[in-house]
Amino acid sequence: MELENKTQIPKFLLLEFSEEPEQQPLIFVIFLSMYLITLFGNLLIILLVSSDSRLHTPMYFFLSNLSFVDICFTSTTIPNMLWNIRTQSKVITYEACVTQMYFYIFFAGLDDILLAVMAYDRYMAICQPLQYMVIMSPRLCGLLILLSWIMSIMYSLLHSSMVLRLSFCSNLEIHHFFCELNQVIQLSCSDTFLNKIVIYFSTSLFGGCPFAGIIYSYSKIVSSITGISSVQGKYKAFSTCASHLSVVSLFYCTVLGVYFSPAVAHSSHTSATASVMYTVVMPMLNPFIYSLRNKDIKRSLKRFYLEMPGIQLPVT
């Protein structure tokens, strides 16, 4: 009886990227640096949007929410990985693994939906400019964020509850730096057919619908922009959504590259390395993309810098 209780509470080994001890300090420094840059960049975006009244618009409201989600997204995996390297421990308990999996799926799904919501916002701004502020009211923006959270919670609960029904025996080595859903399911000694079916249909629905919404929104945006007669008008219209389009392209290209590349599909180590692109690199690059390609953010950042204590404004 005591043996059965022990087998019901398994522990997993996160093998991460390299088992060579001499490479661990380098991996620690690289991921710590990327994590700190991600925190600083996204916190700065949130601070600028909240402190500058000129940025109190639907577009920047959604951007600040995306920055918050990116912080949470990376915080579900990187701190645990850094702690494991620091303590030279690869063990993660069953409870911690399921918890990490839940929040990872939750924030990844929320990231996906927010990109679709931001695409809809750009569609309304460019294709329906006269009705934009009326339609995209604070009430609607709040409802869209609330709906995004509810859908992501349900999506994450579905997958987590499906994992809880599985039993695990031995050989619980996860060739990843976090508890990735597919790899955890592959370690189960239970029948995982239902889990795979749920993953296939729910991911197709939950990931496909936002992606279809983004494609539709930008097809309408491109059609609207091509109808503008002046070159300056076309450039101004396109510049309002260039940053978001860059982030969307980066997100979906990395995700599709990870899960549909033949080399990645047949190598757990390659999959773990490739997944760093959308789990770590993308949240780190988002603030730079928006700050470098967005005039409003750059102006707000300049004003914020000039108003810092110790910085004297030029006398006019």
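One-based numbering along the chain as shown.
Cβ coordinates are placed from backbone N, Cα and C, and glycine is handled just like the others.
Summarising the annotation, TrEMBL assigns transmembrane segment to 26-49, 61-82, 102-120, 140-158, 197-216, 237-260, 272-292. Residues annotated as domain 'G-protein coupled receptors family 1 profile' in TrEMBL: 41-290.
Between the transmembrane segment (237-260) and the transmembrane segment (102-120) there are at least 3 Cβ pairs closer than 8 Å, counting only pairs 6 or more residues apart in sequence, which means the two stretches are in contact. Annotation: stretch 102-120 has the most Cβ pairs under 8 Å to the transmembrane segment (197-216), among 61-82, 102-120, 140-158, 272-292. With pairs at least 6 apart in sequence, the transmembrane segment (61-82) and the transmembrane segment (272-292) have 3 or more Cβ pairs within the 8 Å limit; the two touch. Across the domain 'G-protein coupled receptors family 1 profile' (41-290), the model assigns an average pLDDT of 86. Residues of the same chain lying 6 or more positions beyond the ends of the transmembrane segment (26-49) and with a Cβ under 8 Å from any Cβ of it are 16-18, 55-56, 60-61, 63-64, 67-68, 70-71, 74, 78-79, 81-82, 85-86, 280-281, 283-284, 286-288, 290-291, 297, 300-301, 304. Residues of the same chain lying 6 or more positions beyond the ends of the transmembrane segment (61-82) and with a Cβ under 8 Å from any Cβ of it are 14, 16, 28, 31-32, 34-35, 38-39, 41-43, 45-46, 49-50, 92, 96, 100, 103-104, 107-108, 110-111, 114-115, 117-118, 121, 141, 145, 177-178, 279-280, 282-284, 286-287, 290.
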